[in-house]
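Q: Just dropping this structure here.
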Amino acid sequence: MQLNIPTWLTLFRIALIPFFVLAFYLPFTWAPMVCAIIFIVAAATDWFDGFLARLWKQTTRFGAFLDPVADKIMVAAALVLVSEHYHTWWITLPAATMIAREIIISSLREWMAELGKRSSVAVSWMGKVKTTAQMAALIALLWRPNFEFELGGFILLYVATVMTFWSMFQYINAAWSDLREA
């Protein structure tokens with residue numbers, strides 16, 4: 001297996017996860033900002049690795065596998081941290097919903113791939129919009145420099161939660177005939 005720059009960016013994103021987790025727990029007033037900045041860099045590599053892979057025609061099966069895995073680990077870690085910080089059901093419930101959706105859709109994609117129908121549950125524009133809202137919410141809720149920023153994060157978290165359900169139902173609907181035959 002040959003590693004190209006887009007795949008190295010994905011590996012770099014995975015390597016950043018422990019650093020934003022550690023930054024979250026630092027006992028300094030600037031720790032939330034550092035945590036959010038590391039998360040921003042990791043989130044930027046999510047966009048940049050795919051862009052470069054397509055631009056340079058360096059898409060690989062390994063990269064196609066690793067990229068969504070890196071995304072899910074990064075987002076799940078951030079959701080757990082945000083849930084721990086706020087320690088309330090109205091943050092934990094959307095976080096648990098998003099993590100559950102990622103597990104369900106990843107499993108659905110794997111199953112559809114075994115049937116040779118992975119393209120029917122390929123990433124949709126709704127999934128991309130959900131991810132954008134999710135990333136923005138997590139940045140705001142990890143950083144939380146002021147009330148307005150935090151409030152925006154809460155609102156985006158709930159927007160992302162609604163989109164989480166919407167996109168999940170889109171994927172399930174796309175696979176429904178195969179699910180009924182199973």
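Note: Cβ is positioned from N, Cα and C throughout, glycine not excepted.
The annotation topological domain 'Cytoplasmic' is assigned in Swiss-Prot to 1-12, 82-86, 169-181. The feature transmembrane segment is assigned by Swiss-Prot to 13-37, 61-81, 87-107, 146-168, with sequence analysis given as support. Residues or ranges marked as topological domain 'Periplasmic' by Swiss-Prot: 38-60, 108-145.
I'd like to know what surrounds each of these features in this structure.
A: Long-range neighbours of the topological domain 'Cytoplasmic' (1-12) within the same chain, counting only residues 6 or more positions beyond its ends whose Cβ lies under 8 Å from a Cβ of the stretch, are 45, 48-50, 52-53, 56, 58-60, 62-63, 66-67, 70.
Residues 45-46, 49, 66, 70-71, 73-74, 77-78, 81, 85, 139, 142-145 of the same chain lie 6 or more positions beyond the ends of the transmembrane segment (13-37) yet place their CB under 8 Å from a CB of it.
Sorting the topological domain 'Periplasmic' (38-60) by DSSP state (H, G, I as helix; E, B as strand; all else coil) yields 18 helix, 0 strand, 5 coil.
Residues 1, 4, 6-7, 10-11, 13-14, 16-17, 20-21, 24, 35, 39, 42-43, 46, 49-50, 53, 95, 98-99, 102, 106, 131, 134-135, 138, 142 of the same chain lie 6+ residues outside the transmembrane segment (61-81) yet bring a C-beta within less than 8 angstroms of a C-beta in it.
Sequence-distant neighbours of the topological domain 'Cytoplasmic' (82-86) (same chain, 6+ residues past either end, Cβ-Cβ under 8 Å): 24, 92, 95-96, 138, 141-142, 157.
Outside the transmembrane segment (87-107) by six or more residues, the chain places 68, 72, 75-76, 79-80, 121, 134, 141, 154, 157-158, 160-161, 164-165, 167-168, 171 with a CB less than 8 A from a CB of the stretch.
Counting only same-chain residues 6+ beyond the ends of the topological domain 'Periplasmic' (108-145), those with a CB under 8 A from a CB of the stretch are 20, 24, 32-33, 35-36, 39-40, 43, 46, 71, 75, 78-79, 81-82, 85-86, 91, 98, 152-157, 159-160, 163-164, 166-167, 170-172, 174-175, 178.
Listed by sequence, the residues of this chain that lie at least six past the ends of the transmembrane segment (146-168) yet keep a Cβ under 8 A from its Cβ atoms are 82, 91, 94, 97-98, 101, 104-105, 124, 126-127, 129-130, 133-134, 136-140.
Counted with DSSP, the topological domain 'Cytoplasmic' (169-181) comes out as 13 helix, 0 strand, 0 coil.
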Q: List, by number or range, the same-chain residues at least 6 past the topological domain 'Periplasmic' (38-60) whose CB is under 8 A from its CB atoms?
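A: Cβ under 8 Å, 6 or more out: 1-2, 4-7, 9-10, 12-13, 16-17, 19-20, 23, 67, 70-71, 74, 78, 131, 135, 138-139, 142.
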Q: Under 8 Å between C-beta atoms and at least six residues away from its ends: which parts of the chain pack against the topological domain 'Cytoplasmic' (169-181)?
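A: Beyond its ends, the topological domain 'Cytoplasmic' (169-181) has Cβ neighbours at 105, 108-109, 111-112, 115, 117, 120-121, 124, 126-127.
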Q: How many of the residues that make up the topological domain 'Periplasmic' (108-145) does DSSP mark as helix, as strand and as coil?
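A: Counting residues by DSSP class gives 30 helix, 0 strand, 8 coil.
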